[in-house]
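A quick write-up on the structure given underneath.
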Amino acid sequence: MTDQPIDALTEEQAASEAADLRPQILKWGQQYYDADAPVVEDDVYDRVYARLVALETVFPAIITPDSPTQRVGGSTRGDLPKVTHEIPMLSLGDVFSIAELKEFDERLRSNVEDDFDYNCELKIDGLAISLRYENGKFVQGSTRGNGQIGEDITANLKTIKSIPQTLSRPLTIDVRGECYMPKAAFLALNERREAAGQAPFANPRNAAAGSLRQLDTQVTADRQLATFMYNIADYEPLTTRTQSGLLDELAELGFTTNATYQVAHNMADVAAYIDQYQGKRGDLPYGIDGIVIKANSLPLQRSIGATVKVPRWAIAYKFPPEEVETVVRDIEWTVGRTGIVTPTAVMDPVALAGSTVARASLHNPDYLEAKDIRLGDTVLLHKAGDIIPEISQYVVAKRSADAQPYPVPTHCPSCGAELVHLDEEVALRCINPRCPAQLAEGMNHFASRNAMNIAGLGPQIVSQLFDRKLVDDVASLYRLTTDQLLTLDKFGEKSAQNLLTAIDNSRNNSLERLLFGLGIRHVGAKAARSIAAEFGDIDHLMAADSESISAIDTVGGIIADSVVTYFASDQVQQLIADLREVGVNLTFTGDIPATDSEGQFAGQRVVLTGKLQELTRPEATEWLERHGATVTGSVSKKTDLLIAGEAAGSKLTKAQSLNVPVWNEAQLQAAMDETK
Ligand code: IVH
């Protein structure tokens, strides 16, 4: 990925960059969705994805149908049971201007004999969900997935207050709509995450998706998600025959629907609606990214039909990116874990597309120079891809006569070492391996949840540890004493003891956590796991050449080379020796996550339902899958076994009616004990 400002690119350059990014994103995406842990860290994926979105937003003509941004949705993550949508969940076609909207209207009208109305609705920026009700009872909720197969997120959806458990009429229906995180909840959540040293979510949609597509219902319950329902798979059971009537009828049934819809007789009405809500966008308590217009008659919708992906009777008008003015007060230079020194513009805070923005990355010195941003400049700020704050340009008329070009630093803001450009990189780097900022960033990563998982060791504590010279590398963490920790701000006996225990416990982690935690370039949690499982201990890994590392299925040459280069360094070898000396485990002790095609459950479709007492759902699912089972979300004739915990409901009844064998939790435990 280059960091060239997008508006400095020609369409050709943008197309060529996008063509490079797409296969990379698709590959990472598959690795992410097919397994628990991604090969690259989320923020790398997010940044590259956002760059592609931004390129395609600025140059819509370069969008290709197979672009990852055009897929019906995220694929399914392996660890959630799958649900087949009997009637597929469609996406929407996009237009970006009123002219294109008019073309859509003309095309449609030329194919429809009679006059017809549209229903205009807000396009809620969330995650599409489908809710199944049987005889008026909520039985299953799912994500869209790829449109045909989604994920079973029933348990999580049950924690959302706006989803009725029982309808006012005993209908059997699949109702579709959007699950979203209100702006206020999103901002509060990110504040909490940043305070806890976790990466903030890029936008409310990612936050909503992340909250639903994980396995702990308590987490979902705490996230204050909400829903607006707007569609039904089959309208027959309803009395209404219009889209606007459908929204009313869904509300009568007990759903939350968005009340802002309006019926439009013509394009002038549609344009007025767009105008109205584009203006109100910032005031709404939830994010919207456009307007959806739908042929209002449901029978007409049916007769017009759909392509494989999108209905022909509806279209989304996407808002152009919002732009606001603010003033640059400072340019901050921060040193990342890999030594890259990045400038960030610090500006007067402004409200922009649903959040308050006060910082925007200036990426690297070339970018800064090309944009020629100076202290005190008034700048235009927008969100690239509606996500990442980006300065478009300074306002020439408002620049003060004595504003000076911003001097790029020549020395590291943390350690004072001279900064360099490696291999013609645009990035400015500090290559001092003992640079405190890099070490501190590296330690934050080392302690993070997917790495050594040292609870309580967040950025604020890490920076104090370095400032007070209590640590100088990750090995020295294991030599800390209670007395030393007591010198930290707000630390008492108990907090010192807790932190020491957490550090101490991390000594026993399996090798893959350490490998990931060391922050070797390109090595994500998944690659770390594959490598650790393959080599078994660090000595075998350190003796391995690039070829034998890249022979591992999920590990490519770039990762393998990076691992070899890393361990070739004297400083790294010293660090490993130190880690060994302080008693950090250097062997792989995790379970090998292979599925057992010969296993006790080989080829069997198993469904879990009800509340398990001793096991968690993920534990049971993981164990079953490891022993050959496919764990699915709904009971059908094809189900081989239902495992029913306490308070099992409709799935148990259904399994019994289909003569599917049913186990209780104790029987599952017994099977697990037997194979131990
Ligand atoms: S209608 C066949 N209506 O936008 C019906 N979608 O970019 C297709 N969305 O997949 C969807 N608000 O997740 C519809 N009022 C609305 C919507 C809406 C948000 C989402 C939905 C859809 C995506 C397409």
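Each residue, glycine too, has its Cβ placed from N, Cα and C.
Lys123 (active site, N6-AMP-lysine intermediate) falls within a strand when secondary structure is assigned with DSSP. Cβ contacts within 10 Å of Lys123 (active site, N6-AMP-lysine intermediate), excluding its own Cβ and spanning all protein chains shown: 21. What TrEMBL records for Lys123 is active site, N6-AMP-lysine intermediate.
Other C-beta atoms found within 10 angstroms of the C-beta of Leu92 (NAD(+) binding site) number 20, with every protein chain shown included. Secondary structure at Leu92 (NAD(+) binding site), taken from DSSP and collapsed to helix, strand or coil, is coil. Annotated NAD(+) binding site per TrEMBL: Asp42, Asp43, Val44, Tyr45, Asp46, Ser91, Leu92, Glu121, Arg144, Glu178, Lys294, Lys318, in sequence order.
Annotation comment: TrEMBL describes Cys412, Cys415, Cys430, Cys435 as Zn(2+) binding site. Cys435 (Zn(2+) binding site) has a Cβ environment of 21 other Cβ atoms inside 10 Å.
Residues annotated as domain 'BRCT' in TrEMBL: 596-676.
Cys412 (Zn(2+) binding site) sits 46 Å from Lys123 (active site, N6-AMP-lysine intermediate), taking the CA atoms of both as reference points.
Looking just at the domain 'BRCT' (596-676), the mean pLDDT is 80. Taking the centroid of the Cβ atoms of Cys412, Cys415, Cys430, Cys435 as the Zn(2+) site, the other same-chain residues with Cβ within 8 Å of it are Val335, Gly339, Pro413, Ser414, Gly416, Ala417, Leu419, Asn432, Pro436, Ala437, Gln438. Checked against ligand 1, the recorded positions Leu92, Lys123, Cys415 give Leu92, Lys123 as the ones with a Cβ under 6 Å from it, listed in sequence order. Taking CA atoms as the reference points, Cys415 (Zn(2+) binding site) and Lys294 (NAD(+) binding site) are 59 Å apart. Among the recorded positions listed (Lys123, Cys430, Cys435), Lys123 has its Cα nearest to the Cα of Leu92 (NAD(+) binding site). Here Cys430 (Zn(2+) binding site) comes close to Val335, Gly339, Val341, Cys412, Ser414, Cys415, Ala417, Leu419, Ala437, Gln438: these same-chain residues lie at least six apart in sequence, with C-beta atoms under 8 angstroms from its C-beta. Working note on the binding-site residues Cys412, Cys415: by count of other C-beta atoms within 10 Å of each C-beta, Cys412 ranks first.
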